[in-house]
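The next block holds one structure in the form of structure tokens; read it before the comments.
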Amino acid sequence: PLLLEATLLRLASSSHHPFYNGFYYNRIMNDKGNGQEKVVYFNGARLLVETPKDPVYSSNGANVTLPCRYRYEPDMESKHKIRIKWSKLREDYTKEQDVLVAIGKTYVAFGDFKGRAHLHQAGRREASLVVSDVRLQDDGKYRCEVIDGLEDESDVVDLRLKGIVFPYQPPRGQYSLNFHEAERVCQEQGAILATFNQLFQAWSEGLDWCNAGWVADGTVHYPIRLPRKPCGGLHLAPGIRSYGPRHRHLHRFDAFCFSSALRGEIFYLDHPDGMTLEEAKQSCQDAGAEIARVGHLYSAWKFLGLDRCDAGWLADGSVRYPITKPRANCGPAEPGVRSFGFPSEGRFGVFCYKER
């Protein structure tokens, strides 16, 4: 203790100024004048980081720029090399995912962002992030962090993919998926497990579904537009009914999947006598394509206006058809993707998908 005290006294007497890192701080007495600190005034330049308050929208396969700029008040030039870090905030609020770190013109991208992320520094004090070949899992919030010496400021950009949420049940029936199985079946259908925000957006656009399903943060919900007795009761207002967090291994529900714009095209193949599922898969392969997945069909219906009153096989063994213009003999009076379930027998056409 005596050695530490002597060292501190020597440091204090050797200079008229405190340690200098480019910024000066000035302590003042409180109102009582008793030497206790009440507030710290900042006499140097303040570092500010600015990002757009509105979401940035993009779609699957596109390129997107997440704007971020920094400045000082009052204006000054930094005495340090500026370090810029981008990270993605996880849906379940666990540890952030590193995206990119840069010092000057040198940068490193991490994980799934390798080869797809770089800085756009066309202007002075710009730290914008460019992500190419946007993927479904890129949807979410991103933190832009600027470090100047000991100063560290950040702000958040919300990247939202234009897409569609659809409920999914596997062939074995209702409420048969734990959380990890729900993640997997959505991926198998060309989609990912939807976030709560994506489910809420789908509800605001008209999604009404009485079966509860998993979303990406491990919670379970179902969206109701028209209150009714089997779906929470008539006394509840329209909204998202919530079961809250559930056990990811033990509890079983359906899944809400999210798909965005297609990277390819969907087309329909038929045969005078129809086809079995295996024959349908082979027909798509013969045409240089693959049998379409459920997410492909929903995306084509949503973004390309696909309208076909002919039922066709999909990769999961289900039979469905998309209707944008309801008409007689084509199901209900509302647009949507109709389903015949998972027939063990029967002969139908097939929806094929071909990547661009």
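One-based numbering along the chain as shown.
Cβ atoms are placed via backbone N, Cα and C, with glycine included.
Each of C309, C352 is a candidate, yet TrEMBL gives the disulfide link of C330 to C309. Cross-referencing C186, C231 with TrEMBL gives C231 as the cysteine bonded to C210, criterion being a recorded disulfide. Mapped onto DSSP helix, strand and coil, the domain 'Link' (164-259) counts 22 helix, 30 strand, 44 coil.
Within the model, the domain 'Ig-like' (45-157) shows a mean pLDDT value of 92, rounded to a whole number. Comparing C210 (disulfide bond) with C330 (disulfide bond), their Cα atoms are 23 Å apart once rounded.
Long-range Cβ contacts of C231 (disulfide bond) within its own chain (separation 6+, distance under 8 Å): C210, Y222, I224, R241. For the domain 'Ig-like' (45-157), the DSSP-based tally of helix, strand and coil residues reads 6 helix, 59 strand, 48 coil. Taking Cβ-Cβ distances under 8 Å and a sequence separation of 6 or more, the neighbours of C309 (disulfide bond) in its chain are Y321, I323, R327, N329, C330.
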